[in-house]
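Visitor: Pasting the feature list from TrEMBL:
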REGION    1-23  region 'Disordered'
COMPBIAS  1-14  compositional bias 'Basic and acidic residues'
DOMAIN    251-404  domain 'L,D-TPase catalytic'
ACT_SITE  HIS364  active site, proton donor/acceptor
ACT_SITE  CYS383  active site, nucleophile
Amino acid sequence: MRAPRDKVDPDREGQPTSPAVSRRTAIGGSAVVLAAACALAACGTVPGPEAASGLASHGDPGLGDLSDGAPDLVVAGERLNARLLRRFYARRGFRPVWATRQAQANSLVNAVLRAGDHGLDPELFHASLLRRRGTFPPRRREFLLSDAFLSYAEALAFGAVPVERRRDGETLTPEPTDVAAALDEAIDSPDPAAVIEALAPTTPSYRALRQALQRYRSGAAAGGDAAANRLRATEVSLERQRWLPRSLPADRVWVNVADQRLVLYRADRPVFSTRVVVGDDAERNQSPEFRAMIEASFFNPPWVIPRDIVAAEILPRISRDPNYLARNNMVLRANGEVEQRPGPEAGLGVIMFDMPNRFDVYLHDTPDKHVFSRDNRRISHGCIRVEKPRELAALLMRQPIDTINQGIATGTTTRNKLPTPVPVFVIYQTAFVETDGTLQSRPDFYNRDADIWQKLRRRSQGQTATA
């Protein structure tokens, strides 16, 4: 998917790109064998000492699977994560864990089987195999338990759908967390499950979505398709919440593409909200999900229109109307780009917010104020058009709005640094908690939820080394 950009309207083209910055912007050790393995029966009984001692009497020749670069292991057709297992067992000297820790294992198994409370399918974490874990040989059981706990911890900490399995425009990730260290800590905790559960978000939004999930599940059978859709949206929104930092910046700009709305937070409280226009439904034009820093505001920005948009939209209009460029205050450059000069009728309007990102997606003004009265405001190439950009600029720059108006009135293109850069999150949440605490839902117009929901229920199968 190419970087989304704003759509050129027939009579008013323009979109923010930084004039001086971008063409698209107007601005160890060796492998150690496991000496023994646990035997934890499905009913929770510990195997007799003869079984454990028999395993301890000789090395296990199959544990070369945990050496660096080894393929994933497979138990009963379900793939285990050798990468995570290596990291975890390295912390424990590559010794078995669960044979002598029945209570801790049972606590963690129960937590995994309750993964549905987070909108996660327990089968992602070997739930069916865990229920019959006593039928597996000790070595497989050891790895099965560890992999289930590590995978569940990773899903809570980062989301169950890793960034490499998402669309190109779904790039949000939380801060790094060592889930192997977390499980290592849980083993010696009086409440192992609580240590793992603490990896999930603790934000009010996440808690409210979990509560809504329980309500929707209790009424799903009688609610028909509408209830099923609400349930699915809530499960996916919980997943998207897990892609966010565990501690959100107290001052931030929050753009929910699905809600077509922007909210500014100060000291973790909403202080400003405005409607926005977002990318249209074509995949290449959809507004992506990402995090950036708003560094400055441009007054009276020009727009250097990329060649692909020129070829697709500008040149056909020139062929139909030879005066098109002059009428829209545009000039054709020798390199094939088109520049639209700044002005009140330019497609960028009079303000653009400089927030460098790999998508070349920005917040900006627009002269077409009438579009904000529409329910469907999906009409751009991906950039975010802001209904009240002057008010937003005043708040971000911590200046009176009269000062903003005076700067714009000069007609000069200026870059005005914010006193402190402000993080902006562009997200896509079809189920979310409103600023007043009420739960809201929006249509999945980009059809992204369906894709994530399927991945939350699809376990990758492997035919690699059998544990």
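Glycine residues also receive a Cβ, built from the backbone N, Cα and C atoms like all the rest.
What TrEMBL says about a protein is an automatic prediction, not a curated fact.
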Visitor: Within the domain 'L,D-TPase catalytic' (251-404) only, compute the mean pLDDT.
Guide: 95
Visitor: May I ask you to report the DSSP-based helix, strand or coil state of the residue listed as 'active site, nucleophile'?
Guide: coil
Visitor: What is the Cβ neighbour count of HIS364 (active site, proton donor/acceptor) at a 10 Å cut-off, with all protein chains included?
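Guide: For HIS364 (active site, proton donor/acceptor), the 10 Å Cβ neighbour count is 29.
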Visitor: Could you state the CA-to-CA distance between HIS364 (active site, proton donor/acceptor) and CYS383 (active site, nucleophile) to the nearest Å?
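Guide: The separation of the Cα atoms works out to 8 Å.
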